[in-house]
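Please read the structure below before turning to the comments.
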Amino acid sequence: MLWDERVAALFRRNLQPTLTYWSVFFSFGLCIAFLGPTLLDLRCQTQSSLSQITWVFFAQQFCLLIGSSNSSLAQSLAALFASSFAISLVFAIIPFCHNVVVLAVVMAMAGLAMGCIDTLSNMQLVRIYQKDSAVFLQALHFFVGFGALLSPLIADPFLSDTNCILNNATANSTSNLPHIRKSLVPHHLGNLSHYDLPMKGLVVTRVSYAFWIMALINLPVPIAVFFLLYKERLVPCCNVGSPPLLAADELALETRMAEKDDHPAMSPKGHDDLFRCCQSKNYRGVPCSYFAIHVAGALVLFMSDGIVGEYSGFVYSYAVEEPLSVMHKEAGYLPSLFWGFITLGRLISIPVSYRVKPFLSLQIGVLATFLLLLIFSYSVVFLFVGTACLGLFLSSTFPSMLAYTEDILQYRGCATTVLVTGAAFGEMVLQLLVGSVSGSYSFLVCGTIFGALAFTFYIFLSEKVAYDLTCSVPSWGASEHLLK
(Lines of atoms letter the chains of each structure in order from A and count residues from 1; the text may use other names and numbers.)
(Lines give C-alpha, C1' and ligand atoms only; values in the text may rest on other atoms or scores of the structure.)
Protein backbone atom coordinates (compact mmCIF):
# COMPACT_ATOMS: atom_id res chain seq x y z
CA MET A 1 0.00 0.00 0.00
CA LEU A 2 1.41 3.42 -1.02
CA TRP A 3 0.20 5.33 2.02
CA ASP A 4 -0.59 4.14 5.51
CA GLU A 5 -4.10 4.74 6.81
CA ARG A 6 -3.09 7.71 8.95
CA VAL A 7 -1.71 9.71 6.00
CA ALA A 8 -4.63 8.70 3.80
CA ALA A 9 -7.09 9.89 6.44
CA LEU A 10 -5.18 13.15 6.78
CA PHE A 11 -5.29 13.64 3.01
CA ARG A 12 -9.04 12.96 2.89
CA ARG A 13 -9.65 15.44 5.69
CA ASN A 14 -7.68 18.12 3.85
CA LEU A 15 -8.62 17.16 0.30
CA GLN A 16 -10.12 20.49 -0.78
CA PRO A 17 -7.30 22.70 0.61
CA THR A 18 -4.65 20.38 -0.84
CA LEU A 19 -6.18 20.33 -4.32
CA THR A 20 -6.61 24.09 -4.15
CA TYR A 21 -2.93 24.69 -3.32
CA TRP A 22 -1.90 22.32 -6.11
CA SER A 23 -4.08 24.20 -8.61
CA VAL A 24 -2.68 27.55 -7.47
CA PHE A 25 0.82 26.25 -8.16
CA PHE A 26 -0.35 25.37 -11.67
CA SER A 27 -1.02 29.11 -12.08
CA PHE A 28 2.51 29.78 -10.90
CA GLY A 29 3.93 27.45 -13.56
CA LEU A 30 1.68 28.86 -16.27
CA CYS A 31 2.90 32.37 -15.53
CA ILE A 32 6.61 31.62 -15.09
CA ALA A 33 7.19 30.06 -18.52
CA PHE A 34 5.22 32.15 -21.03
CA LEU A 35 7.51 35.19 -21.19
CA GLY A 36 10.51 33.61 -22.95
CA PRO A 37 8.73 32.30 -26.08
CA THR A 38 6.49 35.38 -26.45
CA LEU A 39 9.10 38.07 -25.77
CA LEU A 40 9.82 38.87 -29.44
CA ASP A 41 6.11 39.29 -30.18
CA LEU A 42 5.79 41.48 -27.10
CA ARG A 43 8.73 43.51 -28.42
CA CYS A 44 6.74 44.11 -31.59
CA GLN A 45 3.60 44.93 -29.63
CA THR A 46 5.45 47.56 -27.56
CA GLN A 47 7.68 48.60 -30.49
CA SER A 48 10.75 48.43 -28.27
CA SER A 49 14.33 47.23 -28.68
CA LEU A 50 15.74 43.92 -27.47
CA SER A 51 17.60 45.60 -24.63
CA GLN A 52 14.43 47.37 -23.48
CA ILE A 53 12.15 44.35 -23.61
CA THR A 54 14.50 42.14 -21.60
CA TRP A 55 13.95 44.44 -18.61
CA VAL A 56 10.47 42.92 -18.46
CA PHE A 57 12.19 39.67 -17.40
CA PHE A 58 13.96 41.51 -14.61
CA ALA A 59 10.77 43.22 -13.40
CA GLN A 60 9.02 39.87 -13.06
CA GLN A 61 11.90 38.07 -11.32
CA PHE A 62 12.73 40.92 -8.95
CA CYS A 63 9.11 41.29 -7.81
CA LEU A 64 8.83 37.51 -7.49
CA LEU A 65 11.69 37.73 -5.00
CA ILE A 66 9.92 40.51 -3.09
CA GLY A 67 6.65 38.59 -3.06
CA SER A 68 8.38 35.43 -1.81
CA SER A 69 9.96 37.24 1.15
CA ASN A 70 6.96 39.32 2.22
CA SER A 71 4.06 36.91 2.65
CA SER A 72 2.14 36.56 5.90
CA LEU A 73 0.14 33.45 6.77
CA ALA A 74 -2.56 35.36 8.62
CA GLN A 75 -4.45 36.22 5.41
CA SER A 76 -3.16 33.35 3.32
CA LEU A 77 -6.37 32.32 1.56
CA ALA A 78 -7.30 35.90 0.74
CA ALA A 79 -3.76 36.49 -0.56
CA LEU A 80 -3.86 33.31 -2.66
CA PHE A 81 -7.22 34.32 -4.12
CA ALA A 82 -5.93 37.78 -4.99
CA SER A 83 -2.71 36.35 -6.45
CA SER A 84 -4.33 33.68 -8.62
CA PHE A 85 -6.94 36.16 -9.85
CA ALA A 86 -4.16 38.68 -10.57
CA ILE A 87 -2.45 36.14 -12.84
CA SER A 88 -5.61 35.73 -14.93
CA LEU A 89 -5.94 39.51 -14.99
CA VAL A 90 -2.32 39.89 -16.13
CA PHE A 91 -2.86 37.42 -18.98
CA ALA A 92 -5.98 39.32 -20.04
CA ILE A 93 -4.44 42.82 -20.05
CA ILE A 94 -0.99 42.04 -21.55
CA PRO A 95 -2.37 42.38 -25.12
CA PHE A 96 -3.36 45.96 -24.29
CA CYS A 97 0.13 46.96 -23.09
CA HIS A 98 1.59 48.91 -26.01
CA ASN A 99 4.34 50.55 -23.98
CA VAL A 100 7.30 48.61 -22.57
CA VAL A 101 7.17 50.46 -19.22
CA VAL A 102 3.49 49.60 -18.79
CA LEU A 103 4.27 45.98 -19.68
CA ALA A 104 7.08 45.90 -17.11
CA VAL A 105 4.70 47.21 -14.43
CA VAL A 106 2.15 44.54 -15.31
CA MET A 107 4.79 41.82 -15.17
CA ALA A 108 5.99 43.21 -11.83
CA MET A 109 2.45 42.72 -10.55
CA ALA A 110 2.55 39.15 -11.86
CA GLY A 111 5.88 38.62 -10.09
CA LEU A 112 4.46 39.75 -6.75
CA ALA A 113 1.51 37.38 -7.18
CA MET A 114 3.83 34.50 -8.09
CA GLY A 115 6.06 35.15 -5.08
CA CYS A 116 3.04 35.12 -2.78
CA ILE A 117 1.82 31.85 -4.31
CA ASP A 118 5.27 30.28 -4.03
CA THR A 119 5.67 30.97 -0.32
CA LEU A 120 2.10 30.48 0.89
CA SER A 121 1.35 27.24 -0.98
CA ASN A 122 4.54 25.58 0.29
CA MET A 123 3.94 26.96 3.77
CA GLN A 124 0.38 25.74 4.05
CA LEU A 125 1.14 22.22 2.85
CA VAL A 126 4.01 21.99 5.33
CA ARG A 127 1.67 23.13 8.11
CA ILE A 128 -1.03 20.65 7.15
CA TYR A 129 1.09 17.51 6.68
CA GLN A 130 4.26 18.33 8.65
CA LYS A 131 6.43 15.18 8.78
CA ASP A 132 4.40 13.66 5.92
CA SER A 133 4.67 16.77 3.76
CA ALA A 134 7.38 15.51 1.38
CA VAL A 135 5.05 13.58 -0.93
CA PHE A 136 2.53 16.44 -1.08
CA LEU A 137 5.27 18.98 -1.80
CA GLN A 138 6.49 16.78 -4.65
CA ALA A 139 2.98 16.81 -6.11
CA LEU A 140 2.79 20.58 -5.61
CA HIS A 141 5.98 21.11 -7.61
CA PHE A 142 4.81 18.68 -10.29
CA PHE A 143 1.96 21.09 -11.00
CA VAL A 144 4.30 24.04 -11.45
CA GLY A 145 6.26 21.92 -13.94
CA PHE A 146 3.06 20.96 -15.72
CA GLY A 147 2.00 24.60 -16.00
CA ALA A 148 5.47 25.57 -17.23
CA LEU A 149 5.26 22.90 -19.95
CA LEU A 150 1.74 23.84 -21.02
CA SER A 151 2.30 27.58 -21.31
CA PRO A 152 4.80 27.52 -24.25
CA LEU A 153 2.67 24.91 -26.03
CA ILE A 154 -0.32 27.25 -25.89
CA ALA A 155 1.74 30.18 -27.12
CA ASP A 156 3.56 28.37 -29.95
CA PRO A 157 0.77 28.41 -32.62
CA PHE A 158 0.38 32.17 -32.22
CA LEU A 159 4.06 33.16 -32.40
CA SER A 160 5.19 35.11 -35.46
CA ASP A 161 7.14 33.10 -38.05
CA THR A 162 8.44 36.29 -39.60
CA ASN A 163 9.24 39.70 -38.15
CA CYS A 164 6.06 41.07 -36.63
CA ILE A 165 6.92 44.70 -37.43
CA LEU A 166 6.72 45.17 -41.18
CA ASN A 167 8.85 47.80 -42.91
CA ASN A 168 11.52 47.97 -45.62
CA ALA A 169 14.20 46.41 -43.37
CA THR A 170 12.13 43.39 -42.36
CA ALA A 171 13.48 41.05 -45.03
CA ASN A 172 17.01 41.35 -43.72
CA SER A 173 16.22 40.10 -40.21
CA THR A 174 13.44 37.55 -40.46
CA SER A 175 15.73 34.53 -40.85
CA ASN A 176 17.32 35.17 -37.44
CA LEU A 177 14.09 35.21 -35.42
CA PRO A 178 14.03 31.53 -34.29
CA HIS A 179 17.63 31.79 -33.09
CA ILE A 180 16.99 35.09 -31.26
CA ARG A 181 13.84 33.72 -29.57
CA LYS A 182 15.63 30.65 -28.20
CA SER A 183 18.73 32.60 -27.15
CA LEU A 184 16.97 35.23 -25.07
CA VAL A 185 17.93 35.04 -21.38
CA PRO A 186 16.54 37.32 -18.64
CA HIS A 187 18.37 40.67 -18.72
CA HIS A 188 21.24 39.29 -20.82
CA LEU A 189 21.52 39.86 -24.55
CA GLY A 190 24.86 38.09 -24.97
CA ASN A 191 25.77 38.04 -28.67
CA LEU A 192 22.31 39.19 -29.78
CA SER A 193 22.95 42.90 -29.29
CA HIS A 194 24.24 43.27 -32.86
CA TYR A 195 20.86 42.31 -34.37
CA ASP A 196 19.07 45.41 -35.63
CA LEU A 197 15.38 44.59 -35.36
CA PRO A 198 12.92 47.21 -36.65
CA MET A 199 11.04 49.25 -34.02
CA LYS A 200 8.72 51.20 -36.32
CA GLY A 201 6.22 49.92 -38.81
CA LEU A 202 3.02 47.89 -39.07
CA VAL A 203 2.61 45.53 -36.10
CA VAL A 204 1.27 42.11 -37.13
CA THR A 205 1.09 39.60 -34.27
CA ARG A 206 -1.52 37.14 -33.04
CA VAL A 207 0.07 36.49 -29.65
CA SER A 208 -2.86 38.20 -27.90
CA TYR A 209 -4.96 35.08 -28.45
CA ALA A 210 -2.43 32.97 -26.53
CA PHE A 211 -2.67 35.26 -23.50
CA TRP A 212 -6.45 35.26 -23.55
CA ILE A 213 -6.51 31.45 -23.75
CA MET A 214 -4.17 31.22 -20.76
CA ALA A 215 -6.36 33.69 -18.86
CA LEU A 216 -9.38 31.44 -19.43
CA ILE A 217 -7.44 28.28 -18.50
CA ASN A 218 -6.31 29.90 -15.27
CA LEU A 219 -9.74 31.29 -14.34
CA PRO A 220 -10.95 28.12 -12.50
CA VAL A 221 -8.02 28.49 -10.07
CA PRO A 222 -9.19 31.69 -8.31
CA ILE A 223 -12.70 30.25 -8.38
CA ALA A 224 -11.42 27.17 -6.49
CA VAL A 225 -9.68 29.41 -3.95
CA PHE A 226 -12.89 31.42 -3.53
CA PHE A 227 -14.85 28.22 -2.80
CA LEU A 228 -12.30 27.37 -0.12
CA LEU A 229 -12.69 30.87 1.33
CA TYR A 230 -16.46 30.38 1.31
CA LYS A 231 -16.18 26.98 3.00
CA GLU A 232 -14.04 28.49 5.75
CA ARG A 233 -16.54 31.37 6.06
CA LEU A 234 -13.85 33.93 5.29
CA VAL A 235 -15.91 35.76 2.65
CA PRO A 236 -17.10 38.98 4.34
CA CYS A 237 -20.66 38.83 3.03
CA CYS A 238 -21.00 35.19 4.11
CA ASN A 239 -19.22 35.46 7.45
CA VAL A 240 -21.79 34.31 10.00
CA GLY A 241 -20.36 33.99 13.50
CA SER A 242 -16.74 33.15 14.15
CA PRO A 243 -14.96 31.68 11.14
CA PRO A 244 -13.58 28.16 11.61
CA LEU A 245 -9.86 27.54 11.55
CA LEU A 246 -8.23 26.11 8.48
CA ALA A 247 -7.44 22.42 8.58
CA ALA A 248 -3.79 23.37 8.84
CA ASP A 249 -4.45 25.44 11.94
CA GLU A 250 -6.55 22.66 13.46
CA LEU A 251 -3.66 20.25 13.02
CA ALA A 252 -1.24 22.75 14.50
CA LEU A 253 -3.47 23.22 17.53
CA GLU A 254 -3.82 19.47 18.06
CA THR A 255 -0.09 18.84 17.98
CA ARG A 256 1.00 21.85 20.00
CA MET A 257 -1.70 22.44 22.62
CA ALA A 258 0.14 20.47 25.27
CA GLU A 259 3.34 22.44 24.64
CA LYS A 260 1.44 25.72 24.77
CA ASP A 261 0.09 24.86 28.22
CA ASP A 262 3.60 24.27 29.57
CA HIS A 263 5.27 27.10 27.64
CA PRO A 264 2.97 30.08 26.94
CA ALA A 265 5.64 31.61 24.69
CA MET A 266 5.16 28.76 22.22
CA SER A 267 2.43 29.88 19.84
CA PRO A 268 0.92 27.98 16.89
CA LYS A 269 0.85 31.16 14.85
CA GLY A 270 3.02 29.58 12.14
CA HIS A 271 5.47 31.31 9.85
CA ASP A 272 5.81 35.05 9.38
CA ASP A 273 7.23 36.81 6.38
CA LEU A 274 10.99 37.10 6.00
CA PHE A 275 11.21 40.51 7.63
CA ARG A 276 9.33 39.47 10.75
CA CYS A 277 11.37 36.28 10.89
CA CYS A 278 14.55 38.34 11.04
CA GLN A 279 13.53 40.37 14.09
CA SER A 280 16.13 39.69 16.76
CA LYS A 281 13.66 39.79 19.66
CA ASN A 282 12.21 36.47 18.50
CA TYR A 283 15.48 34.59 18.90
CA ARG A 284 16.90 35.39 22.31
CA GLY A 285 18.40 32.24 23.75
CA VAL A 286 18.10 30.25 20.52
CA PRO A 287 21.22 28.13 19.71
CA CYS A 288 23.45 29.03 16.75
CA SER A 289 22.50 25.74 15.06
CA TYR A 290 19.01 27.11 14.56
CA PHE A 291 20.31 29.94 12.36
CA ALA A 292 22.84 27.66 10.63
CA ILE A 293 20.04 25.34 9.50
CA HIS A 294 18.14 28.21 7.88
CA VAL A 295 21.23 29.63 6.20
CA ALA A 296 22.55 26.27 4.95
CA GLY A 297 19.14 25.24 3.61
CA ALA A 298 18.70 28.57 1.83
CA LEU A 299 22.18 28.32 0.29
CA VAL A 300 21.51 24.81 -1.01
CA LEU A 301 18.39 26.03 -2.80
CA PHE A 302 20.10 29.26 -3.87
CA MET A 303 22.57 27.09 -5.78
CA SER A 304 20.12 24.38 -6.94
CA ASP A 305 17.40 26.70 -8.25
CA GLY A 306 20.12 28.91 -9.69
CA ILE A 307 21.36 25.90 -11.67
CA VAL A 308 17.83 25.35 -13.03
CA GLY A 309 17.64 28.97 -14.17
CA GLU A 310 21.10 29.18 -15.69
CA TYR A 311 20.96 25.80 -17.43
CA SER A 312 17.53 26.34 -19.00
CA GLY A 313 18.57 29.85 -20.02
CA PHE A 314 21.98 29.12 -21.53
CA VAL A 315 21.94 25.52 -22.80
CA TYR A 316 20.64 26.57 -26.23
CA SER A 317 23.34 29.22 -26.68
CA TYR A 318 26.00 26.74 -25.55
CA ALA A 319 24.82 24.10 -28.02
CA VAL A 320 24.79 26.32 -31.12
CA GLU A 321 28.30 27.68 -30.49
CA GLU A 322 31.69 25.99 -30.90
CA PRO A 323 32.70 23.23 -30.34
CA LEU A 324 29.30 21.54 -30.69
CA SER A 325 27.72 23.78 -33.38
CA VAL A 326 24.32 22.09 -33.13
CA MET A 327 21.74 23.21 -35.68
CA HIS A 328 19.38 25.86 -34.31
CA LYS A 329 16.27 23.71 -34.68
CA GLU A 330 17.77 20.70 -32.88
CA ALA A 331 19.28 22.88 -30.13
CA GLY A 332 15.86 24.40 -29.54
CA TYR A 333 14.67 21.08 -28.14
CA LEU A 334 17.18 21.17 -25.27
CA PRO A 335 15.30 23.58 -22.92
CA SER A 336 12.06 21.66 -23.54
CA LEU A 337 13.86 18.36 -22.85
CA PHE A 338 15.26 19.81 -19.63
CA TRP A 339 11.89 21.02 -18.34
CA GLY A 340 10.15 17.88 -19.52
CA PHE A 341 12.42 15.67 -17.43
CA ILE A 342 12.08 18.02 -14.46
CA THR A 343 8.32 17.51 -14.65
CA LEU A 344 8.72 13.75 -15.15
CA GLY A 345 11.10 13.56 -12.19
CA ARG A 346 8.62 15.35 -9.95
CA LEU A 347 5.90 12.94 -11.01
CA ILE A 348 8.14 9.96 -10.22
CA SER A 349 9.12 11.50 -6.89
CA ILE A 350 5.52 11.62 -5.63
CA PRO A 351 5.41 7.89 -4.69
CA VAL A 352 9.18 7.59 -4.17
CA SER A 353 9.46 10.39 -1.60
CA TYR A 354 7.00 8.65 0.73
CA ARG A 355 9.36 5.71 1.17
CA VAL A 356 12.84 7.23 0.82
CA LYS A 357 14.58 10.60 1.14
CA PRO A 358 16.96 10.62 -1.84
CA PHE A 359 18.30 14.17 -1.50
CA LEU A 360 21.96 13.19 -1.13
CA SER A 361 21.76 10.98 -4.23
CA LEU A 362 20.18 13.86 -6.17
CA GLN A 363 23.01 16.23 -5.25
CA ILE A 364 25.64 13.66 -6.22
CA GLY A 365 23.78 13.10 -9.51
CA VAL A 366 23.75 16.82 -10.34
CA LEU A 367 27.48 17.18 -9.66
CA ALA A 368 28.36 13.98 -11.55
CA THR A 369 26.28 15.03 -14.57
CA PHE A 370 28.06 18.38 -14.84
CA LEU A 371 31.46 16.69 -14.57
CA LEU A 372 30.51 14.24 -17.34
CA LEU A 373 29.22 17.09 -19.50
CA LEU A 374 32.64 18.72 -19.15
CA ILE A 375 34.47 15.48 -19.96
CA PHE A 376 32.29 14.74 -23.01
CA SER A 377 31.98 18.37 -24.07
CA TYR A 378 32.44 17.44 -27.75
CA SER A 379 29.56 14.94 -27.77
CA VAL A 380 26.20 16.23 -28.99
CA VAL A 381 24.51 12.97 -27.98
CA PHE A 382 25.76 13.22 -24.41
CA LEU A 383 24.61 16.84 -24.23
CA PHE A 384 21.05 15.62 -24.80
CA VAL A 385 21.47 12.67 -22.41
CA GLY A 386 23.08 14.87 -19.78
CA THR A 387 20.33 17.47 -20.10
CA ALA A 388 17.70 14.82 -19.44
CA CYS A 389 19.63 13.40 -16.47
CA LEU A 390 20.20 16.84 -15.00
CA GLY A 391 16.49 17.56 -15.23
CA LEU A 392 15.70 14.36 -13.34
CA PHE A 393 18.26 15.02 -10.59
CA LEU A 394 17.17 18.64 -10.09
CA SER A 395 13.45 17.90 -10.27
CA SER A 396 12.73 17.19 -6.62
CA THR A 397 15.55 19.17 -4.99
CA PHE A 398 13.35 22.00 -3.75
CA PRO A 399 10.49 20.00 -2.18
CA SER A 400 12.90 17.44 -0.69
CA MET A 401 15.08 20.15 0.84
CA LEU A 402 12.10 22.05 2.20
CA ALA A 403 10.58 18.97 3.83
CA TYR A 404 13.96 17.91 5.26
CA THR A 405 14.74 21.33 6.76
CA GLU A 406 11.28 21.77 8.25
CA ASP A 407 11.55 18.30 9.77
CA ILE A 408 14.84 19.22 11.48
CA LEU A 409 13.23 22.37 12.91
CA GLN A 410 10.08 20.46 13.91
CA TYR A 411 8.00 22.97 11.90
CA ARG A 412 8.66 25.88 14.26
CA GLY A 413 11.14 28.00 12.39
CA CYS A 414 10.95 30.25 9.35
CA ALA A 415 12.38 27.65 7.00
CA THR A 416 9.71 27.85 4.30
CA THR A 417 9.95 31.62 3.95
CA VAL A 418 13.75 31.65 4.07
CA LEU A 419 14.20 28.74 1.65
CA VAL A 420 11.68 30.03 -0.90
CA THR A 421 13.32 33.45 -0.82
CA GLY A 422 16.79 31.91 -1.19
CA ALA A 423 15.66 29.86 -4.18
CA ALA A 424 14.07 32.86 -5.91
CA PHE A 425 17.17 34.98 -5.26
CA GLY A 426 19.46 32.27 -6.65
CA GLU A 427 17.42 31.84 -9.82
CA MET A 428 17.67 35.57 -10.52
CA VAL A 429 21.30 36.21 -9.49
CA LEU A 430 23.05 33.16 -10.94
CA GLN A 431 21.62 33.80 -14.42
CA LEU A 432 23.11 37.29 -14.33
CA LEU A 433 26.40 35.89 -13.03
CA VAL A 434 26.73 33.23 -15.71
CA GLY A 435 25.73 35.74 -18.39
CA SER A 436 28.54 38.06 -17.36
CA VAL A 437 31.22 35.34 -17.79
CA SER A 438 32.57 34.86 -21.30
CA GLY A 439 33.69 31.62 -22.94
CA SER A 440 31.81 28.59 -24.23
CA TYR A 441 32.83 26.33 -21.34
CA SER A 442 31.99 28.89 -18.63
CA PHE A 443 28.36 27.72 -18.73
CA LEU A 444 29.33 24.19 -17.63
CA VAL A 445 32.14 25.29 -15.31
CA CYS A 446 29.76 27.59 -13.42
CA GLY A 447 27.20 24.80 -13.18
CA THR A 448 29.83 22.44 -11.78
CA ILE A 449 30.89 25.01 -9.18
CA PHE A 450 27.28 25.70 -8.16
CA GLY A 451 26.60 21.95 -7.90
CA ALA A 452 29.69 21.42 -5.75
CA LEU A 453 28.70 24.29 -3.45
CA ALA A 454 25.13 22.95 -3.10
CA PHE A 455 26.54 19.51 -2.23
CA THR A 456 28.92 21.05 0.34
CA PHE A 457 26.20 23.09 2.03
CA TYR A 458 23.95 20.04 2.19
CA ILE A 459 26.69 17.94 3.83
CA PHE A 460 27.20 20.75 6.34
CA LEU A 461 23.48 20.85 7.06
CA SER A 462 22.90 17.11 7.34
CA GLU A 463 26.01 16.19 9.28
CA LYS A 464 27.41 19.01 11.40
CA VAL A 465 24.35 21.14 12.08
CA ALA A 466 21.97 18.28 12.80
CA TYR A 467 24.57 16.69 15.10
CA ASP A 468 25.20 19.92 16.98
CA LEU A 469 21.48 20.47 17.33
CA THR A 470 20.93 17.01 18.79
CA CYS A 471 23.75 17.48 21.29
CA SER A 472 22.93 21.00 22.39
CA VAL A 473 19.12 21.04 22.36
CA PRO A 474 17.48 17.60 22.60
CA SER A 475 14.08 18.99 21.66
CA TRP A 476 13.06 22.26 20.09
CA GLY A 477 10.04 22.26 22.35
CA ALA A 478 12.37 22.46 25.35
CA SER A 479 13.36 26.03 24.53
CA GLU A 480 10.75 28.44 25.70
CA HIS A 481 12.60 31.25 23.96
CA LEU A 482 12.05 29.83 20.47
CA LEU A 483 9.62 31.83 18.34
CA LYS A 484 8.16 34.09 20.99
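Backbone N, Cα and C atoms are what each Cβ position is placed from, and that goes for glycine too.
Since this is a predicted model, take the numbers as computed values, not measurements.
What TrEMBL records for this protein:
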| type | residues | note |
| --- | --- | --- |
| TRANSMEM | 21-40 | transmembrane segment |
| TRANSMEM | 100-121 | transmembrane segment |
| TRANSMEM | 133-154 | transmembrane segment |
| TRANSMEM | 209-230 | transmembrane segment |
| TRANSMEM | 290-311 | transmembrane segment |
| TRANSMEM | 331-352 | transmembrane segment |
| TRANSMEM | 414-434 | transmembrane segment |
| TRANSMEM | 440-461 | transmembrane segment |
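For the transmembrane segment (290-311), the neighbouring stretch richest in Cβ pairs under 8 Å, chosen from 100-121, 133-154, 209-230, 414-434, 440-461, is 414-434. Remote same-chain partners of the transmembrane segment (331-352), defined as residues 6 or more beyond its termini with a Cβ less than 8 Å from a stretch Cβ, comprise 2, 33, 135, 138-139, 141-142, 145-146, 148-149, 152, 178, 182, 308, 311-312, 315-316, 319-320, 358, 383-384, 387-396, 399-400.
Contact between the transmembrane segment (414-434) and the transmembrane segment (100-121) is supported: at least 3 Cβ pairs lie under 8 Å, counting only residues 6 or more apart in sequence. When each of the listed stretches 100-121, 209-230, 440-461 is scored by C-beta pairs under 8 angstroms to the transmembrane segment (133-154), 209-230 comes out highest. With a threshold of 8 Å between CB atoms, the same-chain residues lying at least 6 positions outside the transmembrane segment (100-121) that come near it are 21, 24-25, 27-28, 31-32, 35, 42, 46, 48, 52-53, 55-56, 59-71, 73, 76, 79-80, 82-84, 86-87, 90, 93-94, 140, 273, 416-417, 420-421, 424.
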